[in-house]
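Each remark here refers to the structure printed beneath this line.
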Number of protein chains: 2
Amino acid sequence: MVGGGQLARMTHQAGIALGVQFRVLAEGPEVSAARVARDVTVGDYRDLDTLRAFAAGCDVVTFDHEHVPTDHLVRLEKDGVVCRPGADALVHAQDKAVMRERLTALGIPCPRYRLVAGVDDLAAAARELGLPLVLKATRGGYDGKGVWVVDDLDGEDVGRLLSADVPLLAEERVDFVRELSAVVARSPSGQAIAYPVVESVQRDGICHEVVAPAPGLPEDRALDAQGIALRIAGELNVFGILAVELFETQDGRVLVNELAMRPHNTGHWTIDGAVTSQFENHLRAILDLPLGSPRPRAPWTVMVNVLGGDYPNMHYGLLHCQARDPAMRVHLYGKEVRPGRKVGHVTAYGDDLDDVRERARHAAAYLTGEIDE
Amino acid sequence: MVGGGQLARMTHQAGIALGVQFRVLAEGPEVSAARVARDVTVGDYRDLDTLRAFAAGCDVVTFDHEHVPTDHLVRLEKDGVVCRPGADALVHAQDKAVMRERLTALGIPCPRYRLVAGVDDLAAAARELGLPLVLKATRGGYDGKGVWVVDDLDGEDVGRLLSADVPLLAEERVDFVRELSAVVARSPSGQAIAYPVVESVQRDGICHEVVAPAPGLPEDRALDAQGIALRIAGELNVFGILAVELFETQDGRVLVNELAMRPHNTGHWTIDGAVTSQFENHLRAILDLPLGSPRPRAPWTVMVNVLGGDYPNMHYGLLHCQARDPAMRVHLYGKEVRPGRKVGHVTAYGDDLDDVRERARHAAAYLTGEIDE
């Protein structure tokens, strides 16, 4: 796996039971996955020779993020390296313009959009899509980075963006009721599974809380969302996990917001809440093993991210959370606490949504130091 | 953790979520846990200097087996190393004579026994306990090794045993209905939890199948077994997991057969079948963190060991098992297949015991090559 963050860490954890020999290309010797895996190469994923040396001897190469240059992936595949997902699929998770054009051509519902190469395009986009609109860097964004809401075309930020020579995409600002996520897995044999559609609550562009399944979601809308995700996985020939982030609109439609082709934050609940976790199914998919059941194990599962707070030491918070709630599932990523950084997540499950949500929120807030009572 | 077998492997897996930095003293670079952990020291646990060097810098030292010489443990503790369980507790899992004498002194029900130092003792044991009797090496046995059923005092095997200068224990051969296991965890703060009592099915002295909870076990007998395990944990001051293997007799009593002070084969079902696995609770206990809920997640959970068979490659068996039963949980230990060797286990859970047991047995038999249809 290229990239040594928490997704690689949890993928390794799942791979232990499968007997997978896991190798990670890590950004440094102390990144999240490097702290727990045996076979760690430290190197820069932007360097082709580093990638080539890393891939030598791997049966399959997969990714913990979308940042490996597409050209490098194409070169690796020409070398005979088995990349899953492959470059032709992954580019749709790397480049939002490529993704929008392809999904639109497939007739998959998306927000209206327009590519923006300069100030004239932006003015045209504003006329077409209205203000405020959402301006996105087509490449390199994550967790709210690379996304700007534009109210005023003459604003200082807009000028800076346009002059920075970054390819941009303008999208209508969707008046959504909430955000949903449909996580599916697909293998080279063409087998696919779909997890229940979840509700994803964002704060400042970062996934904060996930409720599985999405409360009150009509069955036809859930099937619609799963169908969109499965269709994208098939049309784009995705291998591994595909997460499709969606807007649910006032009038009951679902529109595709973002794609990710790797285990995704909106699927972390599956570790404790589903028969087979997204991490195990990612491995089973890329290794072309039969996929595991995505069924939920409890009526409700709630995952809340633990973002670094003001207290660098989580030990006393952990003592409190474990003593207060012996059924709480805590997942720490082995990362130093810095404000706003994803350092872990907690998961609660049970029969009563309000209770489950309160438990998970309390534990996360306590671990971050937000509350201390 | 001293010892790099599958117990260390699965403990590391559980420790990843807790943010534990796990170090293992492994018998070789390719043993089960060494294949997946970052921090591996290869060395001989029978060598005191090796143990001392390994323990330096560890907050807590724990064990994947009972074979570290007791004297070494005492020396380590004198050096200031925190061993959990400590030498005073662990000796009861290392030496069956010490265990029998202590449990008897505590009034805990055990098979009748007699220490055997020579041929006269054995004759006296036979008069007192009847024939056949069970002769056990007081130290070093596991998985049926070091245990002999004696029908005839003049047999060749008996002569060889007596002349081998191995300390022996003679026990009555208990006419048991079945074997049970009570797994508990206890922390230095004195907190303890008890998992449901399970039925353990042995073949040739090796645990073959575990059913959780033990079918048809009357509640008072289950409480009796849990009470015995909790009392032993408290009286012996055990830190970590304590597994108490028990005989259930025709007349409804439970007698203690063996003790283990580490995650135990009869607790593997907890990974998929309980809110908190025995591996996580072992770590939480030895680190003096609050313990996790031992509650089962399904009405029935069945674990079946995968013992190496005639087919060295389990890949096709795995394909079959995963395709046939997407809810099957397979755990492979990364060990080379050798006949009779524990190379993995499978776990199924659900509402119907017969169905769950059939699924788990089929998967294990298929992986071992016992069946191929």
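Glycine residues also receive a Cβ, built from the backbone N, Cα and C atoms like all the rest.
Nobody curates TrEMBL annotations by hand; they come from automatic prediction.
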Matching residue for the ATP site, where TrEMBL names B:Lys96, B:Glu171, B:Glu172, B:Arg173, B:Val174, B:Glu179, B:Asn257, B:Glu258 - out of B:Lys78, B:Lys136, B:Lys145:
B:Lys136
Which of B:Lys96, B:Arg173, the listed binding-site residues, has fewest other Cβ atoms within 10 Å:
B:Arg173
Among all chains shown, work out which of the binding-site residues B:Glu171, B:Glu258 has the most CB atoms within 10 A of its CB.
B:Glu171
When a 10 Å sphere is centred on the Cβ of B:Glu179 (ATP binding site), how many other Cβ atoms does it contain?
21
Return one of helix, strand or coil for B:Lys96 (ATP binding site), based on DSSP.
helix
So what's the mean pLDDT when you look at the domain 'ATP-grasp' (B:100-287)?
94
Between any two of B:Lys96, B:Lys136, B:Glu171, B:Glu172, B:Arg173, B:Val174, B:Glu179, B:Asn257, B:Glu258, the residues recorded as binding ATP, what is the biggest Cα to Cα distance in Å?
18
